[in-house]
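**Student:** Handing you this structure, nothing more for now.
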Amino acid sequence: MESNDKCVHVLQGMAFTLEERLQLGIHGLIPPCFLSQDVQVLRVMKNFENKSNDLDKYIVLMALQDRNEKLFYRVLTSDIERFMPIVYTPTVGLACQQYGLAFRRPRGLFITIHDKGHIATMLNSWPEENVKAIVVTDGERILGLGDLGSYGMGIPVGKLALYTACGGVHPQRCLPVLLDVGTDNEALLSDPLYIGLKHKRVRGKQYDELIDEFMQAVTNKYGMNCLIQFEDFGNANAFRLLNKYRNRYCTFNDDIQGTASVAVAGIFAALRITKNKLSDQRFVFQGAGEGRSHLNHEKELFAQDHPSMDSLEEVVQKVKPTAIIGVAAVAGAFTEKLLKDMAAFNERPIVFALSNPTSKAECTAEQCYRLTEGRGIFASGSPFPKVTLPNGKTFFPGQGNNAYVFPGVALGVTACGVRHISDDIFLMTAEAIAAEVTEQNLAEGRLYPPLGSIRDVSRKIAVKIVDWAYKQGLASWYPEPADKEAFVKQFIYSPDYDSFLLDDYRWPPEAMETQNI
């Protein structure tokens, strides 16, 4: 078999049958044992469990992705709740910080400021021709960890792994991209293991020209309905670029729109517990990150004059909010006093500590439940373990992870060829997520569906988007499918192995008779 990047899509290791090994010319290159994919999963699990820390577990899974893509996704989908914290937040943050040390082989496409004028040529280097979804970052604001430059490539790689594992988007249709314009991180600039450009970030006109060229080159090669997801750009660029491109390309910013969508979904679910109306809520948003500023982009309509306040605790004292949402990546911002005040002001206070990774969370689940005497309605951006209070009540904290949003959005948008992604899509996504939360989930403290059901949730989101897109005249796939669910299902990737046996059949004997003179 060829030894190139495309092989990873078809390699099956010892799952190849004897007939396949003979036809592919690899008999003797594999041990003389025939294993099912289930046994291969078992081997991966044992190797995974033998690792003592999450970074080593991440490396095990990424190495598997490099050599057997089908098996990688079979492992992930076998227990997504277990593996998602490893392939994405919080472990991916540590993996990005250690990217130079843990580097094994390149994944994705690295485009630098010095490649300006030649991006179309660089896209031709990518081995897959039918790309439908791109996740791109410039590495300036990686999770809550700041400027990691080229080490930020771990984010697009991780996001697209979840496109497939959680949404079923075909991995060969996905392209991770890192736009390297330098870094302002002095530690990286002096690190001999750093893999990126070793100069300060290029900004201004040159930067904008690079982004413009990238967007045009992508659409020239892959079409106007190729989805481009902006990820972990710095505040100064994230909003500006979203506003610049949202009506010109098929694009969205997950930190802005995805965070808003998953937060709204959690609020919808929380209101089923409080039995109150959305219009009766008072929200305090803590921080000025991409997440918060889009969550309350209409705040001007409700702005009121208040005396100057010096701390978040003072704000809570004065405003007496029914809900507080943290997205500023300030660990411990929700103090003991603040949480006790929230419990004093509300029978069921809503507390969302959405900052990633876990080390940047505003409070832990245990702190919220304990300090509010079990009355707090809690959600977090990164996973927390279940919490049992002294009275014996056990809570399963809801994880408001954007993975509930972007895989289903990507599946729906790419399936029917939506040209532009409006905020309506993220609102209907929030409604679809909240609708999947059962009364039993709410009783356990979950504001989101169990992660084990995330593929079903993503499929339902995609069907809803497809149906909406055709009603609005925004779909580009024609003719319109009569059965939207069956239409979406045909695009969902399966991690099961394909057969490589040649099609073998016979004609009627008389038709195969050799003609003689």
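Cβ coordinates come from backbone N, Cα and C, glycine included.
A quick note: this is a predicted structure, and the numbers were derived from the prediction, not measured.
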**Student:** Quick one: which of Asn68, Asn346, Asn356, Asn441 does TrEMBL put in the (S)-malate site with Arg141, Asn401?
**Tutor:** Asn356
**Student:** Among Asp208, Asp212, Asp255, which residue does TrEMBL annotate as binding divalent metal cation together with Glu231, Asp232?
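**Tutor:** Among Asp208, Asp212, Asp255, only Asp255 appears alongside Glu231, Asp232 as divalent metal cation-binding in TrEMBL.
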**Student:** Cα within 10 Å of Arg141 ((S)-malate binding site): which of the recorded positions Lys159, Glu231, Asp232 qualify?
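**Tutor:** Taking Lys159, Glu231, Asp232 one by one, the ones whose Cα falls within 10 Å of Arg141 ((S)-malate binding site) are Glu231, Asp232.
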**Student:** When the pLDDT values for the domain 'Malic enzyme NAD-binding' (256-470) are averaged, what is the result?
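**Tutor:** Computed over the domain 'Malic enzyme NAD-binding' (256-470), the mean pLDDT is 92 on the 0 to 100 scale.
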**Student:** Cβ-Cβ under 8 Å from Asn401 ((S)-malate binding site), same chain, 6 or more residues apart: which ones?
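**Tutor:** Sequence-distant Cβ neighbours: Met84, Tyr88, Thr89, Val262, Gly381, Ser382, Pro383, Tyr448.
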**Student:** With DSSP assignments reduced to helix, strand and coil, which class does Lys159 (active site, proton acceptor) get?
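**Tutor:** It is helical.
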**Student:** For each of the recorded positions (Arg141, Lys159), count the other CB atoms lying within 10 A of its CB, then report the residue with the highest count.
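**Tutor:** Per the Cβ count, the most surrounded site is Lys159.
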